[in-house]
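Annotation comment: Swiss-Prot describes Cys46-Cys97, Cys140-Cys199, Cys252-Cys305, Cys349-Cys395 as disulfide bond, evidence class experimental evidence. Marked as domain 'Ig-like C2-type 3' by Swiss-Prot: 233-322. Marked as N-linked glycosylation site by Swiss-Prot: Asn283. According to Swiss-Prot, the domain 'Ig-like C2-type 4' annotation covers 327-413.
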Amino acid sequence: MAFKSIAVLSACIIVGSALPVDKYPVLKDQPAEVLFRENNPTVLECIIEGNDQGVKYSWKKDGKSYNWQEHNAALRKDEGSLVFLRPQASDEGHYQCFAETPAGVASSRVISFRKTYLIASPAKTHEKTPIEGRPFQLDCVLPNAYPKPLITWKKRLSGADPNADVTDFDRRITAGPDGNLYFTIVTKEDVSDIYKYVCTAKNAAVDEEVVLVEYEIKGVTKDNSGYKGEPVPQYVSKDMMAKAGDVTMIYCMYGSNPMGYPNYFKNGKDVNGNPEDRITRHNRTSGKRLLFKTTLPEDEGVYTCEVDNGVGKPQKHSLKLTVVSAPKYEQKPEKVIVVKQGQDVTIPCKVTGLPAPNVVWSHNAKPLSGGRATVTDSGLVIKGVKNGDKGYYGCRATNEHGDKYFETLVQVN
């Protein structure tokens with residue numbers, strides 16, 4: 001897939017100059033998402049950088065005018081920041097701040113305001129007696145949570161301080177992305193009267209890790225099934241989608257005795273890599289996952305892992321990796337541009353994404369339509385600038401994987 005690019009607004013200014021923002025009233029950048037814990041005070045910032053004299057602030061929630069006085073909220077003194085004193089689930093939504101200044105009406109990006117939570121049933125302890133020499137797994141059901149929690153497996157000494165937990169396992173043992181703990185084979189070394197295998201979860205909703213389940217391996221039994229140690233699939237990644245710029249992992253976990261070390265190929269080419277490479281199977285999992293330290297668009301393709309431990313038939317698994325990208329600025333736009341009347345100006349804002357983003361523009365917080373502004377491959381061009389062209393120009397780019405918003409103040413002298 002080609003990495004498409006949209007030249008939304010040119011990265012060069014035709015006429016005019018960029019000046020320090022501290023001389024002009026511009027909004028401070030806001031995050032795309034703000035999380036809150038129920039009943040914990042939380043702030044949605046809206047602050048003018050530069051001259052904030054005579055600024056009037058207002059908010060919208062889900063596209064409608066928002067009267068903070070009718071809710072359990074307040075505005076910070078001398079700024080437009082919205083303070084939720086005891087936020088509730090009903091406060092969730094998409095918020096946007098507006099600042100009316102002598103230069104025009106500035107608008108923030110749309111901010112997603114979401115409750116963070118982690119709901120888990122009381123942890124239970126289960127006793128297990130697996131079959132010696134056979135592949136095995138310990139299940140950990142993922143909790144109902146937002147955002148997605150970090151799942152961690154540990155060996156915990158009964159009655160000991162959790163800070164003393166052991167997190168480094170034998171190379172036979174690897175946690176899968178589904179939350180489960182996989183044993184390539186079980187041995188008597190996995191049996192313990194004093195240690196438990198503990199699965200925990202943590203996200204922004206909690207200060208400490210939450211225990212989801214505990215296991216005690218009390219012993220092992222003999223294998224009478226005739227299993228000879230040939231590779232059997234435990235967890236293998238299916239067709240998957242990855243975001244450009246993210247860390248990505250392709251899993252190829254097979255139980256076997258002796259343990260087999262997967263080899264990875266992309267479109268038939270070896271991609272095992274070395275430990276220092278961007279793509280490598282050398283990441284403390286004995287090759288059971290292929291690590292992309294930073295995912296790039298050109299990583300898209302068909303990947304195959306092959307496992308052969310010398311016993312039975314070699315195993316092979318293939319999947320398609322599709323790479324997508326939220327909108328991203330190729331060059332950061334200018335916050336302030338000063339131009340003289342009668343001159344031409346191009347406002348910079350160049351965006352890329354997979355798929356190509358949809359772009360909309362605004363002028364003083366209203367949709368930009370018609371008028372004398374012209375969209376070209378090099379940007380938003382205004383020829384023969386007039387005093388009425390001054391104000392805040394917003395560039396918003398969206399696709400199904402995210403959005404970007406930047407606003408430029410055009411000052412006409």
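These residue numbers are counts, starting from 1, taken along the chain as shown.
In case you wondered, yes, glycine gets a Cβ from its N, Cα and C as well.
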Close in space, distant in sequence - Cys140 (disulfide bond), Cβ under 8 Å, 6 or more apart: Ile151, Trp153, Gly179, Asn180, Leu181, Cys199, Leu212, Val213
Among Cys97, Cys252, Cys305, Cys349, which are recorded as disulfide-bonded residues, the nearest neighbour of Asn283 (N-linked glycosylation site) by Cα: Cys252
Overall pLDDT for the domain 'Ig-like C2-type 3' (233-322), taken as the rounded mean: 97
For Cys97 (disulfide bond), nearby residues of its own chain (Cβ under 8 Å, 6 or more apart in sequence): Leu27, Gln30, Leu44, Cys46, Tyr57, Ser58, Trp59, Gly80, Leu82, Ser107, Ser108, Ile111
Inter-residue Cα distance where the pair is Cys252 (disulfide bond) and Cys395 (disulfide bond), in Å: 42
Around the Cβ of Cys46 (disulfide bond), the count of other Cβ atoms that are within 10 Å: 27
DSSP residue counts for the domain 'Ig-like C2-type 4' (327-413), split into helix, strand and coil: 3 helix, 54 strand, 30 coil
The domain 'Ig-like C2-type 3' (233-322): DSSP-derived helix, strand, coil residue counts: 3 helix, 43 strand, 44 coil
Neighbour-count leader, CB within 10 A, recorded positions: Cys252, Asn283: Cys252
Residue, out of the disulfide-bonded residues Cys199, Cys305, Cys349, whose Cβ gathers the largest set of other Cβ atoms within 10 Å: Cys349
